[in-house]
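Asks: Dumping the structure here so I can ask a few things about it.
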Amino acid sequence: MFVQLYLSQWREFARDRMALFFTILFPLIFISIFGLLYGGGSKFDEKVGIVLEDQGPIGPQLASAIEGLTQTPEGQDADKNVFSDMKFSRGNASDLESQLQKGDLQALVIIPAGLSESITSGQPASVTVKVDQSSQVFAPFFQGVVDSIVQKVDQGITQSKPMLTMQVQSVLSSQIRGIDLLIPGILAMSIMQLGLFATAQPMIAMRTQGVLKRFNATPLPRWMLLVSYVAMRLTIGLLQTIIIIAVGKLMFDVAILGSIVALLGWLLLSILMFIAIGFFVAAIAKTEESGNAITQLINFPMLFLSGVFFPVTGLPDWLQVVVKAFPLTYTVDSLKQVMINAPPINTPMINFVVQLGWLVVMTVLSIRFFKWEAR
C-alpha cells in the first residue's frame, strides 16, 4: 500500500508541469546563467585609466604590471586570457576621473606621487583603485586582480611586513548604487509581465469562455473593446510605475536623474510594445494551458537575460545574440539611461527603433491571427 501511495504521489507530481519546472528546471536555469556569467567563458573589454604620478621605480613597475594583464604568457592560450581585450590609457587625474564619471572608463588606478620614496624609507603607501560599480561583474574581478599585483610587487620589494596596499573607491557614474540599477530593471520587468500575464492570459480566458464571442454578437464595435482593453492596461502600467518609483524614493532614496517627459515617453512605448506581444500570444494560443506555457517560455529567458537583475555584458559572445534579440533588453537599457544616467548599452535611437519595430510587427501579426471564437 505504501509503495502504491508513493508511486501515485510521483505520478501526481509528474503531471504538475509548473511544479516540475520550479523544482528541477528553474534551479538549472540559475546555475547555467550565473555559470556563464561568472565562469570565465567571456572576455572583458572594459577601459581602464592609469594615473602615474610616482617618479620612482616602483610606480612604473606597478603600472606596467597592470597594463601587462592584456598580454598572454608564452605557452598559454590567448583565448583564455579574459583581460586580453581590455584597453588601458594613461593621463592626469582630473581628465581620467572625468571620463570615469561619464562612463567612458570602467576603472581608474592612481599611483600617487612619492610612493617609491615612502616605501624605500619604510613608510606605508597605497594605490587607489576607483571602479564604476555599474560594471557589476568587472568591478570586483578587476579589484581582486589589481590587489594581487600590488601584493606581489610589495613582496618583491619589502620581503617582510606589507608596506604597499590598495584602497578601493566606488566612484560610480553619477554615483549609481546597486538599488539605483535595480529599480529600472524591476520597472521593466513589471511592464513585461503586464503584457504577458495581465494581457494575454485574460484575453485567452475570455475567448475560451465564450465572452469574446458574445461581445462580437453585440452592436459594440470591436475596436472599442480592444481600445478599452489597451487603455486599462496602460493605466495599470502607469500606476505600476508610480508605485515602484515611490517605493524606491521613500525607502531607498532613489532619484530620477533624467527627464520625466522622456521617461513617460519610454514607458508608453514599452507598455504598448508588451501589450502587443501579449495580444500576439493570445492570438496564437488555442487554450489557457498553451497560453500559460507560451508566456512562461517568453517570460523566464527574458527575465534573466535582459539585464533586469544583473548586467549582461559579461555573458559570452554567442549568448549576446540572444540578449540582443529580446525586446526587454532595450526596455531595461532605455529606462536605466533616462532614470539614472547609466552607461548605455545601445544608443537611444537603437532602443527606440527596436521597440517600435517590435510594436509594429506584433500588432500586425496579432491582427492577422487573432480569433474571437475558441478553436
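Here the Cβ of each residue, glycine as well, is placed from N, Cα and C on the backbone.
Annotations in TrEMBL come from automatic prediction, not curation.
In case it's useful when we look at the structure, here is the feature table from TrEMBL:
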{"type": "TRANSMEM", "residues": "20-38", "note": "transmembrane segment"}
{"type": "DOMAIN", "residues": "143-373", "note": "domain 'ABC transmembrane type-2'"}
{"type": "TRANSMEM", "residues": "181-205", "note": "transmembrane segment"}
{"type": "TRANSMEM", "residues": "226-248", "note": "transmembrane segment"}
{"type": "TRANSMEM", "residues": "254-285", "note": "transmembrane segment"}
{"type": "TRANSMEM", "residues": "297-315", "note": "transmembrane segment"}
{"type": "TRANSMEM", "residues": "349-370", "note": "transmembrane segment"}
Asks: When each of 181-205, 226-248, 297-315, 349-370 is checked against the transmembrane segment (254-285) for Cβ pairs under 8 Å, which one has the most?
Replies: 181-205
Asks: In terms of Cβ proximity under 8 Å, which residues at least six beyond the ends of the transmembrane segment (226-248) contact it?
Replies: 179, 183, 186-187, 190-191, 194-195, 198-199, 203, 254, 256, 267-268, 271-272, 275
